[in-house]
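Asker: The structure is given below, and queries will be raised subsequently.
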């Protein structure tokens, strides 16, 4: 029978709870206006592009509207789907039939599902296996107690609610499932939220990442066991017990092959790769095919595709060269296409008009108690782990972050009829959007209050006693600036009376790895998956400087692997912890050999501005023009090193003069101070302050032939330049 005699293409017939769509598979792309006009939206490709355009525009508008509320990207992305779906604009039949007809939803959801597979693979690549399977005691204890404690409280609470609160029969069945979904702290949900809000490198953020990494191991284990024993739990015909055991053995064999066969091969190939050489395109393509095969295989053996995608990503070593290359290839498609499409697709299936007030109230109670339970558990455990109350609350709120893991679970339960349309809508609206809308401002307010209450006394060279240790923190971006840094450190005149402690912070951009790390270069850093070849050369140069000054200089090197946008937090935090007096930053411009500006690093410029806003000590920016003049070291050099100090007035110039006066006590350094006085400036208070600073510097260098002082009176800026 020809179906075309009974149904027109694109029509929808309702058969009970099932919608039958008659669709022409040949209508993928229109023929154009010259071959007969027909609406492009009747064809698959133009319709899908239109849907993506509408979703993107709606997301941008909602994101802009919610900017004052500091909401993460997941909220506007889900809300964009709700806006375009049956909850709001989908109520208008013309809009729904034109832009989101039922015949197009399968294609949209299929592409969205494939997008979340790519997202999970990228998350798996960024996971650090060491922190997952060998966590710290704090991470392991918090991870276990959060999951076990939450489940022990929430599941009985949900069962009690089903018995003593009047609700729909279907909700009585699904409420324990919703309660169980709130007990986990999934890494694919926590990590994107912390990166989105740029709080991943805070102290609570680092702990939350470690806890979520370990919790992901427990969550994946429970998911594998749940899927393996589905035949037994559903009491299927045949041999359900043998089928369950067979499914479990298959997935265990799959993991065994990945860990003990595939991963060693990958590591061996990376060892043979020449240092500094990027991974080839063919190799990257092979790994893309590899993760697709893993997802297909896990679906074939009865597991969810998320298990295969995550497992395929986890076996790939994070960071450069392979992990960083894969993440760079996937970063833009994930952030701008696949991940938002999946979130919007979940919103499109949400109809808030299905939600009954009693259902909303019951689910809200469960979700609120689950969030509170995690916070209380972290607070109680924090008392035994030297975590203060405020940080414990912040960590607990961070572990409540919702994201793709919960949405994947809700979509799966909707497909297998565990959740009906009303329960799915309330789960998305309350469990994901509601939690994120409420907790994100709370986290921001708590972090802001902690930073405002953190006491530190701004340290300056002016207030440093002459016989005290000068602690200098130098931020090093690459090897080219090291000779100039060594020159500055040597000119700072380390002595027995006033030694120098150098805290060297090597800055490395975080690529292909999820969590930022701060490495103190001791014997333990060798076990980390960080490319420290350039760091080793920088450290050796600083150790040589330390060796040449014997006991007058100590060097403590660190490496900060972090995102450029939040690198300033690592610098300022280390300056506070190490009681630094001076903080030396690299300049954002580099000069070419002909004297012109070669490169401008906007990330370094942004970092310097943020550091100057938050620094607890004196900040100096090193402008290195060694490529033009030569960066010859003054260590063991008989020639003199000439330093000029231009003094106009103010606290910044006073600080620079105190630093220069210290340099003048070095045997190979000549300091010339040029003070410019503005004619007619009778501000007695400022003039008195500047005079006191100048006199103190000159008095400290009485009889020192390396210290020279000159004054010039100028009338305006032109006179200053001419002088």
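Glycine is no exception: its Cβ is also placed from the backbone N, Cα and C atoms.
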Asker: Among the residue ranges 402-424, 425-447, 448-470, I'd like the one that TrEMBL describes as transmembrane segment.
Answerer: 425-447
Asker: From the ranges 334-354, 481-501, pick the one that TrEMBL records as transmembrane segment.
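Answerer: In TrEMBL, the transmembrane segment feature sits at 334-354.
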Asker: With TrEMBL as the source, identify the stretch among 43-66, 523-546 annotated transmembrane segment.
Answerer: 43-66
Asker: Have a look at 139-161, 553-575 and point to the one annotated transmembrane segment in TrEMBL.
Answerer: 139-161
Asker: When you get a sec, could you say which of 304-327, 592-615 is annotated transmembrane segment by TrEMBL?
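Answerer: In TrEMBL, residues 304-327 carry the label transmembrane segment.
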Asker: Is it true that the transmembrane segment (105-127) and the transmembrane segment (241-266) have 3 or more CB pairs under 8 Å, sequence gap of 6 or more?
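Answerer: The transmembrane segment (241-266) and the transmembrane segment (105-127): touching, no.
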Asker: With the transmembrane segment (334-354) as the reference, find which of 43-66, 78-99, 139-161, 278-298, 304-327 contributes the most Cβ pairs under 8 Å.
Answerer: 78-99
Asker: Same-chain Cβ contacts of the transmembrane segment (206-229) under 8 Å, 6 or more residues past its ends?
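Answerer: That would be 127-128, 131-133, 135-136, 138-140, 142-144, 146-147, 184-191, 194, 200, 244, 247-248, 251, 302-304, 306-307, 310, 387, 391, 395, 398-399, 405, 514-516.
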Asker: Is the number of Cβ-Cβ pairs under 8 Å between the transmembrane segment (425-447) and the transmembrane segment (43-66) three or more, considering only pairs separated by 6 or more positions?
Answerer: no
Asker: What same-chain residues lie close to the transmembrane segment (139-161): Cβ under 8 Å, and 6 or more beyond its ends?
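Answerer: Distal contacts: 131, 167, 175-176, 178-180, 182-185, 207, 210-215, 218-219, 362, 365-366, 369-370, 373-374, 377-378, 381, 385, 395, 399.
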Asker: In terms of Cβ proximity under 8 Å, which residues at least six beyond the ends of the transmembrane segment (43-66) contact it?
Answerer: 27-30, 73, 75-77, 79-81, 83-84, 99-101, 104, 107-108, 111, 337, 340-341, 344
